[in-house]
Amino acid sequence: MFEARLIQGSILKKVLEALKDLINEACWDVSSGGVNLQSMDSSHVSLVQLTLRSEGFDTYRCDRNLAMGVNLTSMSKILKCAGNEDIITLRAEDNADTLALVFEAPNQEKVSDYEMKLMDLDVEQLGIPEQEYSCVIKMPSGEFARICRDLSHIGDAVVISCAKNGVKFSASGELGNGNIKLSQTSNVDKEEEAVTIEMNEPVHLTFALRYLNFFTKATPLSPTVTLSMSADVPLVVEYKIADMGHLKYYLAPKIEDEEAS
């Protein structure tokens, strides 16, 4: 059987909020090493990859590997019934067609349990190649969310230009254009407020803001976000989940011809 208990249950609530608008259903691959999910979004434009390592859970048991087909909208509805302070336990038998979710209030005076029907999903796993990137930007996740939100009022796409001294986000549309430039921070007290840029070569790429705004739903999971870019390969937007793993989004750049058309 599979059983995983998470004292900080709010992490699972935040993960579902970050996934549910982008993907409707996905396979949760559960093994002794932890929980993994990989899925294209419903329009097959972006890819999501989630890792929650077993040691990040407070107790974790998995006797044999399971692939659980989950409707993320349904799971999100059930998790909304959990309080932010609740302890969450996930449980499934080896051949189960349901996943049990148990929510315990911290004072243990209230226990709620739900059973969610699982789905049969035929999922192909895509190999994600390890890649060296020309430009890696680490910045506060709230700042990235705000930039994407602000620029989506101007245009549908953002051009991210990365050079040694800073990174520029630009958008243009019918009302005009907007540019937001962030310089690398030299001295900040808190690491999560820093902007750091590792650049091997300059990068100038265009991405659909609609998808970046979906990705920023993961902002509550992490104070920082990492953007990794190279020409002609998908952008990686990574949110670390403290002591547990990460949530990564992949988005291919828009081709220049598409913009002209």
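Glycine residues also receive a Cβ, built from the backbone N, Cα and C atoms like all the rest.
What Swiss-Prot annotates here:
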MOD_RES   LYS14  N6-acetyllysine
DNA_BIND  61-80  DNA-binding region
MOD_RES   LYS77  N6-acetyllysine
MOD_RES   LYS80  N6-acetyllysine
DISULFID  CYS135-CYS162  disulfide bond
CROSSLNK  LYS164  ubiquitin cross-link
CROSSLNK  LYS164  SUMO2 cross-link
MOD_RES   TYR211  phosphotyrosine
MOD_RES   LYS248  N6-acetyllysine
CROSSLNK  LYS254  SUMO2 cross-link
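Taking each Cβ in turn and tallying the other Cβ atoms within 10 Å, the top scorer among the modified residues LYS77, LYS248 is LYS248.
Note on the DNA-binding region (61-80): mean pLDDT across this stretch is 96. LYS14 (N6-acetyllysine) sits 12 Å from LYS77 (N6-acetyllysine), taking the CA atoms of both as reference points. The recorded positions listed here (LYS77, LYS164, TYR211, LYS248, LYS254) include LYS164 as those with a Cα within 10 A of the Cα of CYS135 (disulfide bond). Secondary structure of the DNA-binding region (61-80), assigned with DSSP and counted as helix (H, G, I), strand (E, B) and coil, comes to 8 helix, 8 strand, 4 coil. CYS162 (disulfide bond) sits 16 Å from LYS254 (SUMO2 cross-link), taking the C-alpha atoms as the reference points. Most Cβ neighbours within 10 Å among the recorded positions LYS80, LYS254: this distinction goes to LYS254. Close to LYS164 (ubiquitin cross-link) in the fold, though at least 6 residues off in sequence, lie ILE197, MET199, PRO202, each with a CB less than 8 Å from its CB. When other Cβ atoms within 10 Å of the Cβ of TYR211 (phosphotyrosine) are tallied across all protein chains shown, the result is 21.
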